[in-house]
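TrEMBL lists 57-205 with the feature domain 'Flavodoxin-like'. Per TrEMBL, the feature FMN binding site maps to 63-68, 118-121, 153-162, Asp188. The domain 'FAD-binding FR-type' annotation in TrEMBL covers 269-515. Residues or ranges marked as NADP(+) binding site in TrEMBL: Arg288, Thr543, Ser606, Arg607, Lys612, Ile613, Tyr614, Val615, Gln616, Asp648. Summarising the annotation, TrEMBL assigns FAD binding site to Arg444, Tyr445, Tyr446, Ser447, Thr462, Ala463, Val464, Gly479, Val480, Thr481, Thr482, Trp686.
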Amino acid sequence: MALDTLDIGILSVVLAALIGYFAKDLIKSLLSSNDSTNVSTDSRDLVEVLNETGKKAIVFYGSQTGTAEDYAHKYAKELQTRFQVPTICCDIADYDFDKLGALPSEVDGFKFVTFFMATYGEGEPTDNAVDFFDYLDNECDSLEGLKYLVFGLGNSTYEFYNAISKRLDKKLSELGASNISVPGFGDDGTATMDEDYLAWKESIFDVLKDHLSLEEHDVKYQPSIKLIPRPDLSIENPIVSLGEPNSKYINPTTEETKNAIQYGPFDHTHPYLSPIVKSKELFNSETRHCIHAEFDFSQTNLKYSTGDHLAIWPSNSNEEVEKFLKAFNLISKRNDVIGFETLDQTVSLPFSSPITYEAIVRHHLEISGPVSRQFLQSVHQFAPTEEIKADIARISGHKEIFSKEVTEKYFNIADILVNISKGSSWDDIPFEFLIESIPHLQPRYYSISSSSLSEKQTVHVTAVVENEKPQGSDHFVTGVTTNLLRHIQLAQSKSDLKPNVTYDLDGPRNLFKPFKLPVHIRRSTFKLPTNPATPIILVGPGTGVAPFRGFIREKVKQAESGNNKIGKILLFYGSRSVNEDFLYKNEWPEYSKKLGENFELITAFSRDQKEKIYVQHRMLEYSKEINDLLQKGAFFYVCGDASRMARDVQATLVKILIAERNITEEIANNVVRGFKTSNRFQEDVW
Ligand code: FAD
C-alpha cells in the first residue's frame, strides 16, 4: 500500500513526537553511563533539579586531582545515611550559578550547601571552580538566606595555604549567605588531611543536630548503585568495557568516535592514547630510578606549550590487582560481566558499563594508596565475625592507634583488611560499596621537559620512580604511575632487569600496544617571558629541573633560528651525587655550546662532600649576580618539591635582596610579593 503525502506528514509528526519523548529518557540513560559526571539529570538549573529529585542539600566540589571530589562524595553519603537529608553531590561546574540565591525560597525544605574546595598552585581555584569565582566576584548580587559550610583542602607548605576556601567563605558572607559553622581546613602539607576532615566533620554534625534539629540515625550503607550480573555477556562481547579509558574507546565503529579518539578534543574526561616512542633510565643506581619518556603526538592535533603539564592516566599493577581481588574473593569472578542500575537519579557511574570486575579494579579504583580511617570505620558493618568487628572498632576509633597500626605500616586497603581478618577474604562486602567508597584512579601530572618550539609533536616527561621500603614497613611501597613508566622503559629497551611491580602493558583488547598510555595536557601558567632577551633565573633541584630543560631547549631553538638576543639564563640544579642522579648530565654541555656565555649551570650535589650543599647555598654564592639580573628585569622560577625546597629558596631570595639592596626583611618580602603579582616569580611545585 502506497502512502500519500498527508499520511507521510502525519507519520512524521507522530514519529518525531515519539522520538522526542523517548530521546529524553535515552539521553538520560546514556548520561548515566557517562564517564566523568556525577549527576545524570541533563538540566543545569539547580532549582529544577532539586525540585525534580527531592534533594534538600547540595555538596559542591572544586577538585583538581580528585581528593576534594572524594571527600565530598563521602560526606554527602553520610549526610544522607546519618541524617537522612537527601543530598546531591556535584562538580561546581555542573550547574548554572545564578540559581544559588533562589534555593532557600524556591526549593521546599532546602537545608544548606556545603563546599569542598581545593586550593591549587599559587592560591588559585581548581580548573572547574574558576568560573564560579568569576560569577561570585562579578555577577552575583546577593545570596541572602543561603546557609553554607566550607571545607578547604590545601597544603601549609605553600604560601597561599587554603586561600581558596578562605576566599570563598569571605565572599559568601559578604554576599549575605550565612555560615552554619566555621570552615574546616585540611592540610596535605602535614599529612593530616584525613584527621582534619574527620575532626571538622564531627563538629559539623554536632552543629547540624543542634541548630538544624536533624535527627541522627545508625550509619548503614545505602547503595546509590545496584550491581546487575550479566551472564548473557562475556569478555568477547565488543560492548563490554575491559578498562578502556572511556566509552569512546569501546568498540569505536562510528566515524564520530573514531575522530574523537584521534582528534579529541582531549581533556580530563577524554584522553589521547599516545605512543611512547622513546624512554630511558636517567639515574645510575641499582635502587633508585628516574624515567625519561617521550610521548608522540604526531598522529593527532593535540598541542602543548612549553611549561604545560602532561596528565598520565595509569592503571594498577598486576600484583596490587591480584591482592585486591583475593582480599574480596573475586578471583574466580574477575572476568564476569556486570552492569549497574543507578538507584539515585543524581548519581552516575564513573566508568562505562557493562564491565568486568577486574577492569574496575585494574583501571578505575585507587587500590594501592594509603587507607583512610573513615574507610575503615565504614567497613565495620561488613566485618565477617564479631571479633574482627571489635578489632576494626578498636583500630578505627582512635587516630593514634590507626596511625600506629595502619598509616605507619604503609598498608593499603587489601593489606589492612587481610591483616585484620588474619588472611581470610572479605566475601560480604558489597562490590557497590567498594566502588562508592574507594577513590577513583586519577591521572598524575608531570611537568613537561621538552619545548613546544623545539619538539612540536613530542612531549617529554621526567619521572622519578616511587619505590621505597620505609621504616616501619615490611614491604616496598610503590607509586602507581612511575612504576608503570619504569616497566614500559624496561620492556621497551628489552632489559633483563626486573621491574619492582609489573603491569598489563598491552591494555584492554591490546589497546595500549605497543607502549601507549592515555594522556591529556593541562595548560599551566608557568611560562617563559615573552621577550627572549629577558634574563631568567631557574631553580630546579631533582625532577624540578624538568620544565627548565624545556625552557632551555626553547632558548636553544630560538638561538638556532637566528635570535642573537637571548637573555642570560642561570640554572641552579641539585641532586645527591654527580655520578648517581645528575639528570640530563650529558645534555647541559651541548646547550652551553649553543647558548655560549648566556647559559650558566650551577650545581649542588648534596652527598658528594662532607657538608650537605643544596641549591640555596649556591644561590647565596651568586647573590650579586642574582640581584643584578633582577634589577635588569629577570624572571625568577622555582620548580620541584613543595614541602621544603620552595620555601627555602624563597627565603634565600629574600636574604639576597636584604644583603644586596640593603633593605629590611619586610621590604624584601614586599619586593618578592611584587614579583609574584607581576608574574616575575613563578612556581611549579608539588
Ligand atoms: P602514587 O601512586 O600517586 O603514590 C604517591 C606516593 O604514595 C608514592 O610515594 C607511593 O610510594 C606512596 N604510597 C603508595 N601506597 C602507599 C600506602 N599504602 N601508604 C603510604 N604511601 C603510599 N613528578 C615527577 O617525578 N616529575 C615531574 O615532573 C612532576 N611534575 C609534577 C607536576 C605537578 C603539577 C604535580 C601536581 C605533580 C608532579 N609530579 C612530578 C608528581 C607526580 O604527579 C606524581 O605524584 C608522582 O610521580 C607519584 O606518582 P605515582 O602514581 O607513581 O605514585
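Just so you know, glycine gets a Cβ as well, placed from its N, Cα and C.
Structure coloured by features recorded in TrEMBL.
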residue : record               : contacts (Cβ under 8 Å, 6+ apart)
Ser63   : FMN binding site     : Glu69, Asp70, Ala72, Asp91, Phe116, Ala118, Thr126, Asn128
Gly66   : FMN binding site     : Pro439, His440, Gln442
Gly121  : FMN binding site     : Thr525, Glu683
Asn155  : FMN binding site     : Thr119, Tyr161, Asp187, Asp188, Gly189, Ala642
Tyr446  : FAD binding site     : His309, Leu310, Ala311, Ile312, Val461, Thr462, Ala463, Ala546
Val464  : FAD binding site     : Arg288, His289, Cys290, Thr482, Gly542, Thr543
Ser606  : NADP(+) binding site : Gly574, Ser575, Arg576, Lys612, Ile613, Tyr614
Gln616  : NADP(+) binding site : Asp648, Val649, Ala651, Thr652
Taking the Cβ of Tyr158 (FMN binding site) as the centre, how many other Cβ atoms fall within a 10 Å radius? 22
Secondary structure at Tyr161 (FMN binding site), reduced by DSSP to three states: coil
List every residue in the same chain as Arg444 (FAD binding site), at least 6 positions away in sequence, whose Cβ is under 8 Å from its Cβ. Ala311, Ile312, Pro314, Val480, Thr481
In the domain 'Flavodoxin-like' (57-205), how many residues does DSSP call helix, how many strand, and how many coil? 67 helix, 36 strand, 46 coil
Should we count any of the binding-site residues Ala118, Arg444, Tyr446, Val464, Val480, Thr482 as near ligand 1, judged by a CB under 6 A from one of its atoms, and which? Arg444, Tyr446, Val464, Val480, Thr482
Minimum Cβ neighbour count within 10 Å among the binding-site residues Ala118, Val480: which residue? Val480
Count the other Cβ atoms sitting within 10 Å of the Cβ of Arg288 (NADP(+) binding site), across every protein chain shown. 14
For the domain 'FAD-binding FR-type' (269-515), what is the mean per-residue pLDDT, to the nearest integer? 96
Taking the Cβ of Thr482 (FAD binding site) as centre, how many other Cβ atoms lie within 10 Å? 22
What's the longest C-alpha separation between any two of Arg288, Thr543, Ser606, Arg607, Lys612, Ile613, Tyr614, Val615, Gln616, Asp648, the listed NADP(+)-binding residues, in angstrom? 25
Mind computing the max CA-CA distance among Arg444, Tyr445, Tyr446, Ser447, Thr462, Ala463, Val464, Gly479, Val480, Thr481, Thr482, Trp686, which the record assigns to FAD binding, rounded to whole Å? 17
